[in-house]
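Note sheet for the following structure.
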Amino acid sequence: MTEAAATESTESRPASPGGRGSTAQSAEERVDRWFARRPALALAALLPIGAVTPLFPVEVGVATFALGTLVVGMAHGAVDHLVPLRAAPDVSLRRSIAAVSVVYAVLGGAVVAAFFLAPVAAFVGFIALTWLHWGQGDVATLSIAGVDHLPTSAERWLALVVRGGLPMGVPLLAHPEEYRLVAEWTVGLFLVDAGAAATAVDPLFTPAVRAAVGAGMATATLASVGLGYRRVRSGGGGGSNDGGGRRDPAGWRRDVGELAVLWAWFLLAAPVFAIGVYFALWHALRHVGRLVLVDPEAASAASAGDAVGALARFGRDAAPLTLGGFLVVGAVGASVPAGVAAPGDLLAVSLVAIAALTLPHVVVVAWLDRRQGVWRPGVGA
């Protein structure tokens, strides 16, 4: 994957939905470069470091995850209360905050309750939810960038399966011991008997489960890449460049390049370290960029090339609820039956708190997806 290929994709894409003019397009191009393409290149550059992390103690990964969450991970969802206000012209500030607050209170509380009642099922549900959400975020990034090889909803859903499955499924293939350790830590928070957690997660790490995940991910990746290649080779099919000519291949090349980086990263790097870096450098930054674009003032700063101004605007809006997110972590830590006594427990508590924040966050993002026509190509607010 090269930045030149990605730039070719953004320069040749059609106008964005909703009739936005050249200023908005300029903001989108800059945001894509700042928050998606350059971080992807940075992750590629980190591959040699990732390759040696399995030699380090898992605590190195825990510290990396904590740092990434502190710097940007927790903040990326902390502007959800303003998303309806900025993405829909008929929503007031009061209504925006009230609706999102209710969603967070109800769904976040339900997730925490699920961990107390059925910790193994809740952990599996969290993995599945994260798979969905991280795929959702990457497809939205590709959609906003105007890639030309995902013209149908079905192809975008397949891309979601692949993009979300790489961070959630591939570490299970390459590093099952550390993956299992994290599962035991998380489930063990809610089981006073230390040995019960290991027994409870046994079914998740059988050879049959790992083989099924590996085969499924390989098949889905090849199918997504192959369908995209067919699109750019043949042209047509209802996409944005459907004028009888061939589709622009730059977006497909970018997609393939990013998939190659992600496959390599999650195969080589230790899981906790890999997820910590990916969460902050890849997923969270891409969502921050998307939020910059729905905020008129931040988007204006981006279109003027003022990355600091755009980030400052986001940081101001995100600061209060970023602190609130860390308070949720503290509340979970204070309430778990097994207590918090080791770095692994701190990671597990953070994951439970993040799970509680992720489900309502996914609902808000799904609403934004619908407004922007992410899953219905050619349809936007």
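Residue numbers in this text run from 1 along the chain shown.
Including glycine, each Cβ sits where the backbone N, Cα and C put it.
Listed features, source TrEMBL:
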REGION    1-25  region 'Disordered'
TRANSMEM  40-56  transmembrane segment
TRANSMEM  62-83  transmembrane segment
BINDING   His76, His133, His283, His287  Fe cation binding site
TRANSMEM  104-132  transmembrane segment
TRANSMEM  262-281  transmembrane segment
TRANSMEM  321-340  transmembrane segment
TRANSMEM  346-368  transmembrane segment
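In sequence order, His283, Ala284, Leu285, His287, Val288, Leu291, Ala318 make up the list of same-chain residues 6 or more apart from His76 (Fe cation binding site) whose Cβ falls under 8 Å from its Cβ. Same-chain residues with CB within 8 A of the center of the His76, His133, His283, His287 CB atoms, the Fe cation site residues themselves not counted, are Gly77, Trp134, Gly137, Phe279, Ala284, Arg286, His361, Val365. Packing against the transmembrane segment (104-132) from elsewhere in the chain are residues 80, 160-161, 164-165, 167-169, 183, 186-187, 189-191, 200-201, 204, 328, 332, 351-352, 355-360, 362-363: each is 6 or more residues past its ends and has a CB under 8 Å from a CB in it. The binding-site residues considered are His133, His287; of these, His133 has the fewest other C-beta atoms within 10 angstroms of its C-beta. Sequence-distant neighbours of the transmembrane segment (346-368) (same chain, 6+ residues past either end, Cβ-Cβ under 8 Å): 62, 65-66, 69, 73, 77, 80, 83-84, 87, 100, 103-104, 106-112, 115, 122, 126, 129-130, 132-133, 136-137, 140, 182, 185-186, 188-189, 272, 287, 290, 294, 325, 328-329, 331-333, 336, 340.
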